[in-house]
Amino acid sequence: MATSDPTVKTAPAVDETGPDSSRILQTRGLRKAFGGLTATDDVDFALEAGELRCLIGPNGAGKSTFLDLLTGRLEPTAGKIYYDGADITGLPSHERVDRGISMKFQVPSVYEGLTVAGNLRIPLQRVVEPDAFDARTREILERFDLLAERETVAGELSHGQQQRLEIGMAMAMEPNLLLLDEPVAGLSVEETADIADLLREIADDDGVAVIVIEHDIDFVETIADRVTVLDGGSIFREGSIEEIRTDPEVKRIYLGEDR
Amino acid sequence: MLELLNFGFEFVEIFAFIVLATVGLAVIFGMMGIINLAHGEFILVGAYATTFTFDAGLPLPLAMLAGVVLTAVYGLVLERLIIRHLYGRLLDSMVVTWGISLVMIQLTRIVFGNTAPGIGIPYGQLPVVDGPIYYLVLAVVAVGVLGGLYALFTWTDFGIRARATMQDETTARSMGVDTDRMYMTTFAVGSGLAGLAGALYAPVMTVTPEYGTGFLIETFVAVVVGGASVLVGTVLASGLLGTVNAAVTNVAGTFMGQVAMLIAAIVAIRLMPEGITGMLADWRESRGESQ
């Protein structure tokens, strides 16, 4: 368990020994600075295959920056990212996707001018032959409860349907690692419960490792195998939801009692 | 009856000219948000490559193909060296492409002189209407280009990826699309289409270092009037501007036809600031809300 004091910043030390092959994802000394601001600082992170990990932390803790480093949207200032035993630190986003890393953004990023089926065609063309499009599209739409909306323009879907479609698009690429930034933001209680079931199913049945950034602790409690708390760009705590919930230091930084 | 045929021929000629001159610029602007002020000089490259390869002994269709390919390659090189650093920087891209156009015109003058070898208009004259058969060939090619682009962007994997990139680059990347390659390919396609216009009109217009400027007015006016949608915008703008131009040219001559077309463009932009396709999109949206 990483227990670095958020008030103490040390220079990142990159471990040169290479990745642990039992982990689907590892970062070593990962750091991202924007000028004088260090958004991600010396993060050593590891994830097992099929594990569902939630990242929590106060605003500005560096959660989204960390995810952006994993997807390749941002380049790290220092450190390494290993995926499935290989160093992917310098790979562009599309090559990470090719290797099995899928991402769903905080704001639904579906193609609003295309139909639901049209949206699915973009990721599906990477993984299935054209004559299998229809069957695979149907399977995904059934699973994500969007079959009736197959020919609906995505811009006309509800917020919850767009969130499901985007997760469906990410899963259409048959990933081994799924990264989700606040997948239930703005959803109703019922929709949130549906997404929670879906995510557990993706981790348990499909064996996909999942990282979820989330603020809603009740949702985190429902889905997470383990929880990582980020603060000030560094890993502050890591453990089961019970350990995190009862940790007075987590409460202190999360509720801002030290500020 | 003859007047109607003359009007029809005039319309076909102008429609084909606007479509062929515009479509390369429309692809680059619509897909990449780059206003390529050197578009006329890309057309120039196509014309010069066609003229000189024809003069060297290649049959005209092959010389034209050489014009297209060379312009596409030229666009590809320019994209890698300069344009790719300007994505998302609209004003910078305009200034830089304007600079490229000035350099190209002067370089052409220095290297090739003030004129290029001529190519006669092939296929002879039409029997009834006063005009060359070649203009009908140009119209067929224009329709073929539009159909080909529609098929490319609608039915192919490249087209799906290109539209995805155009609508939302970040999401496209997260869906595994190599957006850098998409931009590079799209710029090469747009450049090749500009080269096609230069090649096709090399037998019709005198090829000089200022050859490209002869296309610019119709091209930029059509892109602005057409709006954001690349193909539909090009077709509708070419149809509107071509109709006005042909009708007035038939009655009052070429100069007045051009004047009328520009007045029509000003009115169209005043009434439809987002272009014809922008107005259609707003109309569809408001109709959807009212239902």
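Cβ atoms are placed via backbone N, Cα and C, with glycine included.
Automated prediction, rather than curation, is the source of TrEMBL annotations.
Annotated features, as they stand in TrEMBL:
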type: TRANSMEM; residues: B:12-38; note: transmembrane segment
type: TRANSMEM; residues: B:58-78; note: transmembrane segment
type: TRANSMEM; residues: B:90-112; note: transmembrane segment
type: TRANSMEM; residues: B:132-153; note: transmembrane segment
type: TRANSMEM; residues: B:182-203; note: transmembrane segment
type: TRANSMEM; residues: B:215-241; note: transmembrane segment
type: TRANSMEM; residues: B:248-269; note: transmembrane segment
The transmembrane segment (B:248-269) touching the transmembrane segment (B:58-78) per 3+ Cβ pairs under 8 Å rule: no
Interface-richest range of B:12-38, B:90-112, B:132-153, B:215-241, B:248-269 toward the transmembrane segment (B:182-203), CB pairs under 8 Å: B:12-38
Of B:12-38, B:90-112, B:215-241, B:248-269, whichever stretch has the most CB pairs under 8 A to the transmembrane segment (B:132-153): B:12-38
Per Cβ pairs under 8 Å, the stretch of B:12-38, B:90-112, B:215-241 packing most closely against the transmembrane segment (B:248-269): B:215-241
Intrachain neighbours beyond the transmembrane segment (B:12-38), with Cβ under 8 angstroms and 6 or more residues off its ends: 83, 86-88, 90, 93-94, 97-98, 100-101, 104, 131, 135-136, 138-139, 141-142, 145-146, 149, 162, 165-166, 183, 186-187, 189-197, 200-201, 215, 218-220, 222-223, 226, 228-231, 233-235, 237-239, 241-242, 245-246, 249, 257
For the transmembrane segment (B:215-241), distant same-chain residues with Cβ under 8 A (at least six beyond the ends): 14-15, 17-19, 21-23, 25-27, 29-31, 39-40, 43, 146, 149-150, 153, 197, 201, 258, 261-262, 264-265, 268-269, 272, 274-281
